[in-house]
Protein chains: 2
Amino acid sequence: MADMMLGMKRSHQCGELRKENTGSQVTLMGWVQRRRDHGGLIFVDLRDRSGLVQVVFSPEVGQEAFTKAESVRNEYVLAVTGDVKARPEGTVNANLPTGEVEVYARQLLILNAAKTPPFYIEDDVDVDEMVRLKYRYLDLRRPEMQRNLIVRHKTAKAMRDFLDRNGFLEIETPMLINSTPEGARDFLVPSRVHPGEFFALPQSPQIYKQILMVSGMERYFQIVRCFRDEDLRADRQPEFTQLDIEMSFVEMDDILSLMEKMVSFIFREALGKEIPASFRRIPYSEAMGRYGSDKPDLRFGLELTDVTDVVKDVEFKVFAAVAKGGGQIKGINAKGCAHFSRKEIDELTKLTAIYGAKGLAYIQMTPEGPKSPISKFFTDEQFADLLQTMQAETGDLLMFVADKPSVVAAALGNLRLELGRRLNLIDPEKLEFAWVVDFPLLEYDAEEKRYVAIHHPFTSPKDEDLSLLDSDPAKVRAKAYDLVLNGVELGGGSLRIYHRDIQEKMFSLLGFSQEEATQKFGYLLEAFEYGTPPHGGIAFGLDRMIMLMMGRDTIRDVIAFPKTQSSSDLMVGAPNTVSPKQLKELHIKLDLPAKLTGKKQG
Amino acid sequence: MADMMLGMKRSHQCGELRKENTGSQVTLMGWVQRRRDHGGLIFVDLRDRSGLVQVVFSPEVGQEAFTKAESVRNEYVLAVTGDVKARPEGTVNANLPTGEVEVYARQLLILNAAKTPPFYIEDDVDVDEMVRLKYRYLDLRRPEMQRNLIVRHKTAKAMRDFLDRNGFLEIETPMLINSTPEGARDFLVPSRVHPGEFFALPQSPQIYKQILMVSGMERYFQIVRCFRDEDLRADRQPEFTQLDIEMSFVEMDDILSLMEKMVSFIFREALGKEIPASFRRIPYSEAMGRYGSDKPDLRFGLELTDVTDVVKDVEFKVFAAVAKGGGQIKGINAKGCAHFSRKEIDELTKLTAIYGAKGLAYIQMTPEGPKSPISKFFTDEQFADLLQTMQAETGDLLMFVADKPSVVAAALGNLRLELGRRLNLIDPEKLEFAWVVDFPLLEYDAEEKRYVAIHHPFTSPKDEDLSLLDSDPAKVRAKAYDLVLNGVELGGGSLRIYHRDIQEKMFSLLGFSQEEATQKFGYLLEAFEYGTPPHGGIAFGLDRMIMLMMGRDTIRDVIAFPKTQSSSDLMVGAPNTVSPKQLKELHIKLDLPAKLTGKKQG
């Protein structure tokens with residue numbers, strides 16, 4: 001049986017003891033990181049959230065404590081009262097912040113015992129993530145996981161401090177809302193009180209925050225849970241957290257410059273890092289043109305070069321046909337890669353094929369001169385022109401994709417990222433922020449045979465493009481902006497439509513019948529008629545931001561209790577079956593695929 | 001068509017202009033509270049979140065602005081640039097913080113027009129709450145609603161500031177968790193990925209916060225949404241917000257004194273009110289005994305007096321039988337109420353009947369002497385004894401209930417509250433905080449024929465009562481505490497069980513089979529074996545706290561978008577029907593009561 005605390009009070013955190021504490025008596029509480037017996041003494045590294053300190057049990061200082069300490073194992077929970085002493089010369093541990101001192105124990109309480117954990121409680125532990133998730137309570141004891149959650153806390157705190165000082169109110173919006181037709185798939189919640197009806201969990205508080213602007217709240221924010229029932233390819237979670245912001249009486253510049261100040265503040269407060277006070281702004285068309293991406297990684301060059309005009313008249317049929325058909329031919333100059341093997345070039349070709357490229361033309365600028373399967377289709381003049389346009393030098397590898405612009409961008413944009421990694425062009429310490437602006441408002445979805453909103457249906461068209469809404473909707477640019485960091489989208493937002501007629505036109509362009517628009521968004525359309533201020537906002541993905549700040553590879557490492565890729569909580573075992581009584585009360589029954597029927601009843 | 005903002009920047013908030021601003025040019029943006037035409041001028045009260053200021057349109061100052069202003073109606077959205085001038089003597093409005101100045105408009109933009117709202121945008125508007133909820137975006141423009149949300153923001157901010165300074169980390173716990181057998185009814189979320197399985201929305205993050213203590217996070221908090229699918233009698237919401245706190249290495253006093261500091265800090269920061277630095281502590285048995293409630297309103301006296309011993313031998317059969325059967329006879333002395341009419345006493349009798357009392361005996365201490373239907377059953381000596389015990393004086397009304405203790409407490413506790421209101425004993429400005437401590441751990445549920453946890457199954461028994469767990473579970477007191485303010489429970493918490501064997505015994509007392517306990521809580525039982533620190537915590541209901549702080553009668557007034565009593569969102573129309581495709585994807589179908597079938601398909 002374990003000891004009770006008996007009024008013992010912790011006086012210090014383990015990790016904060018320094019030489020200055022020498023001579024004072026302290027009471028520490030924490031976990032046994034490890035225990036060693038040496039020279040008739042017992043040494044215990046005691047760990048708490050703040051760090052480690054060495055505790056020494058000596059029969060001469062505390063006989064009872066020493067005897068008790070003999071039973072102590074890893075991860076036991078201890079309370080120790082003792083004296084801080086300077087470590088003898090030669091035993092100082094320079095790698096440990098507390099390494100100049102040790103605590104000689106007078107009194108020991110064993111507050112709880114511990115079985116041997118399934119993995120070591122230390123950084124960089126080599127253990128399967130499924131085991132870490134099942135034993136999350138042990139995984140979260142590891143210092144690197146604690147650091148992630150501490151920075152997450154500090155980041156959220158910094159966001160709130162900044163926004164509070166700038167006149168924003170944090171206002172909570174409902175979690176049980178209505179299912180809407182646009183966007184990703186909703187999670188549904190059957191209503192017990194209203195048989196046959198369902199709530200939906202919010203994909204974002206988009207409409208509520210706009211309603212708050214109609215309400216005259218002027219500056220709103222919320223750090224809020226959102227939900228999307230999508231397949232979890234890539235690094236996604238069914239529930240995620242966003243910093244959601246909306247302001248009235250502003251134009252785009254007001255929002256962007258305030259957000260730049262906020263992001264600087266966050267990085268300073270939570271990480272102690274200084275970042276630039278303002279970020280470059282890149283139009284969408286430029287980002288796609290130069291980097292093949294609307295979230296370009298600006299830590300390195302390797303930009304795309306448009307050579308359509310240069311090659312449109314060559315005898316190479318592929319280039320000619322693409323140029324004639326309104327497509328593009330663009331290239332990347334991989335400096336110093338002329339030596340790439342056939343195998344390496346094949347790998348790159350396969351990579352571009354994933355993104356739809358039908359081939360990857362290339363020119364190797366060897367010391368013996370250019371070598372290329374396509375050179376024979378060029379006149380000398382045409383070839384020289386191409387090399388000059390690509391700024392080719394001996395040692396370079398030039399690669400080209402010819403296709404419609406979206407395929408060229410995706411193929412070369414991803415080729416660029418791959419080359420950046422392979423050639424070690426990416427400085428992991430660098431933070432390259434940029435705003436991508438002037439997004440298209442709509443894109444045509446060939447599958448659904450209708451326009452879909454690139455941001456969402458509430459994004460305002462640019463004033464100068466309003467007239468194109470009728471004549472050429474795909475050309476309309478939006479008052480939308482994304483914040484990009486190191487090739488990752490940190491957040492995005494827009495100025496909103498705040499007139500009923502424009503919002504109705506937008507719904508109609510998106511293929512909503514008037515009845516559908518009224519049924520799902522009638523209250524918003526009506527609200528716009530009662531004095532709606534111009535407004536706009538932005539939302540940041542908190543999980544992804546912390547992941548980038550901490551240099552992690554997955555958002556699961558910055559979420560205390562994440563779901564697996566198959567959307568399960570391995571620790572608590574969710575989701576799970578429920579009782580027939582619960583289903584009955586909710587007026588639903590199971591409708592299982594044939595092979596599962598009978599297995600899940602109850 | 002409305003004006004665009006055209007780079008115009010707001011320089012001031014309407015409500016902040018003072019005499020000191022006289023002579024400066026300002027740009028304001030806001031809503032038209034009202035417009036008056038007088039003496040060839042147009043006066044507009046312009047409103048934003050900060051308050052109102054009077055704007056004057058004069059043809060001499062701004063002809064174009066004046067002409068535009070003629071089209072302005074209530075709730076139009078304006079941007080005005082103009083000069084701040086002192087109001088002429090005699091026109092100063094002392095009731096308005098900006099009442100010494102007015103703004104002469106040089107330029108006016110009409111940012112949006114407005115239809116006439118269905119109700120006035122002002123405090124104390126007399127309009128049905130259903131209309132307010134449907135047009136919530138207009139209701140929230142009313143200054144009193146904005147104040148509620150502003151104080152709510154400030155309160156949450158103060159909580160976070162205080163807890164951050166005291167070493168707490170805000171850590172987010174999942175919203176999609178598993179359904180557990182104990183507690184209220186869960187909201188369920190069908191899983192698309194796992195056919196036939198369901199997530200549950202959390203009733204509280206109880207287990208996750210305990211797991212965080214096992215994880216060594218030491219001090220956790222979260223302002224978090226919670227869900228209970230219960231019938232919304234009284235002032236409840238299906239989703240509500242709580243401040244959730246957990247700490248390791250502490251005993252009860254540590255938690256209580258820290259929370260006292262926090263509550264003081266909140267009231268100072270959010271309301272500018274000073275409250276006592278510590279709160280009285282009342283054992284549960286004393287609260288029930290003296291006030292008939294475990295959340296006593298301490299703003300007034302009118303305590304209950306136990307007269308069982310005094311009356312147990314009188315000839316009045318009811319008293320004798322109750323006393324003999326282990327029941328209680330208790331009374332209240334309503335000072336100065338001897339004159340109550342038969343009708344008034346009947347009303348009070350009916351009130352006590354709601355809580356199970358079979359009758360309300362009374363004695364009227366009239367100037368002519370005591371008058372009572374029960375006096376005949378008493379000897380003179382017995383009656384004198386009773387009057388003395390009740391400290392009866394001429395003018396008093398003594399009332400008695402005889403029953404089992406729970407009925408006596410409920411009946412007289414509520415009678416006490418009713419008398420407090422009727423006799424104007426309650427000072428609405430008073431804030432009477434108290435901790436209620438030493439709750440019973442369990443109570444026997446006659447219907448379910450088992451013990452149920454008074455707080456929850458994770459609450460620790462008091463050390464000195466541990467041995468009673470086997471012999472007399474109902475006698476075991478818990479390390480639990482509630483914070484009560486003016487008769488309302490603000491929050492409650494406990495020290496937790498942190499040993500597997502005690503937790504298992506608790507589950508078994510609650511009637512869980514070992515299999516059930518392992519299936520639902522096995523991971524927690526297992527976690528307790530890997531070095532769990534002593535820990536405890538508390539949770540506060542944020543909605544209710546703000547309601548009390550703002551002196552409102554319903555939590556709906558302090559929630560931006562509340563649900564109705566029938567669990568609907570009248571503005572967005574939730575819950576709602578969903579498409580058959582959505583149900584199919586979730587592997588469920590409707591199972592409607594016969595009379596509804598067919599109506600809700602689609």
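Every residue, even glycine, has its Cβ placed from backbone N, Cα and C.
TrEMBL annotations:
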BINDING   A:Glu182, A:Arg228, A:His455, A:Arg496  L-aspartate binding site
BINDING   A:Arg228, A:Asp229, A:Glu230, A:Gln237, A:Glu489, A:Gly541, A:Leu542, A:Asp543, A:Arg544  ATP binding site
DOMAIN    A:157-575  domain 'Aminoacyl-transfer RNA synthetases class-II family profile'
REGION    A:206-209  region 'Aspartate'
SITE      A:His38  site 'Important for tRNA non-discrimination'
SITE      A:Gly90  site 'Important for tRNA non-discrimination'
Closest of A:Arg228, A:His455, A:Arg544 to A:Gly90 (site 'Important for tRNA non-discrimination'), Cα positions, binding-site residues only: A:Arg544
Based on Cα distances to A:Arg496 (L-aspartate binding site), point out the closest of the recorded positions A:His38, A:Glu230, A:Leu542. A:Leu542
Given a Cβ distance threshold of under 8 angstroms, which distant residues of the chain, six or more beyond its ends, lie next to the region 'Aspartate' (A:206-209)? 173-174, 177, 220, 222, 244, 246, 456, 458, 521, 524, 537
DSSP-wise, what's the residue breakdown of the region 'Aspartate' (A:206-209) into helix, strand and coil? 4 helix, 0 strand, 0 coil
Candidates A:His38, A:Glu182, A:Arg228 (recorded positions) - the one closest to A:Arg544 (ATP binding site) by CA: A:Arg228
Please report the Cα separation of A:His455 (L-aspartate binding site) and A:Glu230 (ATP binding site) in Å, rounded to an integer. 17
Inter-residue Cα distance where the pair is A:Glu182 (L-aspartate binding site) and A:Glu230 (ATP binding site), in Å: 14
Mean of pLDDT values spanning the region 'Aspartate' (A:206-209): 96
Please tell me which one of the binding-site residues listed here (A:Glu182, A:Arg228, A:Glu489) sits closest to A:His38 (site 'Important for tRNA non-discrimination'), measuring Cα to Cα? A:Glu489
Note: among recorded positions A:His38, A:Arg228, A:His455, A:Arg544, least Cβ-dense neighbourhood at 10 Å is A:His38
Rounded to the nearest angstrom, how far is the Cα of A:Glu489 (ATP binding site) from the Cα of A:Arg228 (L-aspartate binding site)? 18
Any idea which of the recorded positions A:Gly90, A:Glu489 has the thinnest Cβ neighbourhood at 10 Å? A:Gly90
How far is it from A:Glu182 (L-aspartate binding site) to A:Glu489 (ATP binding site), counting Cα to Cα, in Å? 21
